[in-house]
Amino acid sequence: MITREKLEEKQVSLYFIVLIVAAILGFIWPNSGGILESAISFAIALLMYSMFSQIPFMSLKDAFGNSRFIIALLTTNFIVVPIVVWILASFLPDNPPLLIGVYLVLLTPCIDYVIVFTSLGKGNEKLILISTPILFIVQMLLLPFYLWLFMGSDTAKIVEPGPFIEAFLGLIILPLGIAILVQIVARKFSIGEQALNISAWLPVPFMAWTLFVVVASQIGKLPEFIDQVIQVIPLYIAFMVIMPIIAKYIAKLFKLDVRSGRTLIFSSFTRNSLVVLPLGLALPDISTLVAAVIVTQTIVELISELIYIRVVPNILLRDKGSN
């Protein structure tokens, strides 16, 4: 019988299999796109609940126990990353829909599978786990500011508040509220604890299902935007190369221990694509291009993660005393 730990251990392989199957299905059966696209919002809402239910919001104060790491984490993700993203994006053409997709995905640090990759890369997965509430709250507060800062009036032209707010409330705030409510109930009643235990099984299958639905429904539309998508791939690769190196030196600057330093590195380049995807899909007229830009980043990132779980502990930030 498969255990939850075994399922989580094999999730990366599962995601790649799902991506391949979804891509093949999307290309050979393009008519499935319309059917699957109607399921995206529901799939993402379920995924958001499953992920939020595993974030220890009730232990938010515990995250501040390692203040040095938290300051390094916030500095990296909300000061250094935006600067790097702004510089890299300056090499892209002045195409607001393309830029908003890049900014949405690269300015938001991951709060879900970064925990798994941190563990595989011999970082401190518990440290990043208790830090996820802070990362989520800060990115939701700062994302509108960064979009305005980097795009100015273009943001107002593209982002119609109605659909954007509706997606934010329905696909992020509602699942978040339910997850926090379940955590509160779990502290007092066994039924809440049982619900939380069941929810712990959900992130991996729901992530796989969401990846399948999104990729299978959107990939058939990629040829229409292939010129734009090709333009962002070098930027994503550059981001994946630059940020781990910068994060390594930030870890040294803040005198983090080796495992905390590795944790900072993984957080620096692992992005929150599936959390911001519903926001991108809520943009009228340009949602397909924005979704393509975001999904492309997810694929580049997953490939990079497989490399970095070896490179980070063996080359970039080795144990002290290692040759």
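Backbone N, Cα and C define each Cβ position, glycine as well.
The transmembrane segment annotation in TrEMBL covers 12-29 (among others).
The transmembrane segment annotation in TrEMBL covers 35-57 (among others). Tertiary proximity for the transmembrane segment (35-57) is limited to same-chain residues at least six positions away from its ends with a CB under 8 Å from its CB atoms, namely 111-112, 129-130, 132-133, 136, 167, 170-172, 174-176, 178-180, 182-183, 196, 199-200, 202-203, 206-207, 209-210, 213-214, 216-218, 274-275, 277-278, 281.
Taken from TrEMBL, the feature transmembrane segment covers 69-92 (among others). Counting same-chain residues at least six beyond the ends of the transmembrane segment (69-92), those with a Cβ under 8 angstroms from any Cβ of the stretch are 63, 98-99, 102-103, 106-107, 109, 127, 131, 134-135, 138-139, 142, 146, 150, 231-232, 235, 238-239, 242-243, 246-247, 250-251, 253-254, 256, 260, 263-264, 267-268.
Residues 8, 11-12, 51, 55, 77, 81-82, 85, 89, 92, 128-129, 132, 135-136, 139, 142-143, 146-147, 150-151, 154-155, 158-159, 203, 207, 228, 231-232, 235, 239, 262-263, 266-268, 270-276, 279-280, 283, 286, 289-294, 297, 305, 308-309 of the same chain sit 6 or more residues outside the transmembrane segment (98-120) yet have a Cβ under 8 Å from a Cβ within it. For 98-120 (among others), the entry in TrEMBL reads transmembrane segment.
Residues 55-57, 59-60, 62-63, 66, 69-70, 73-74, 77-78, 82, 100, 103-104, 107-109, 111, 114-115, 118, 155, 159, 172, 259-260, 263, 266-267, 272, 276 of the same chain lie 6+ residues outside the transmembrane segment (127-147) yet bring a C-beta within less than 8 angstroms of a C-beta in it. Sequence annotations record features per position, and here TrEMBL assigns transmembrane segment to 127-147 (among others).
Within its own chain, the transmembrane segment (167-186) has Cβ neighbours under 8 Å at 41, 44-46, 48-49, 52-53, 55-58, 140, 192-193, 195-196, 199, 275, 278-279, 281-282, counting only residues six or more beyond its boundaries. According to TrEMBL, the feature transmembrane segment maps to 167-186 (among others).
Per TrEMBL, transmembrane segment is recorded for 198-220 (among others). Nonlocal intrachain contacts for the transmembrane segment (198-220), taken as residues 6+ away from its ends with a CB within less than 8 angstroms of a stretch CB, comprise 4, 7-8, 11, 14-15, 18-19, 21-23, 25-27, 30, 32-37, 39-40, 43-44, 46-47, 49-51, 53-54, 112-113, 179, 182, 274, 277, 288, 291-292, 295, 298.
The transmembrane segment annotation in TrEMBL covers 232-251 (among others).
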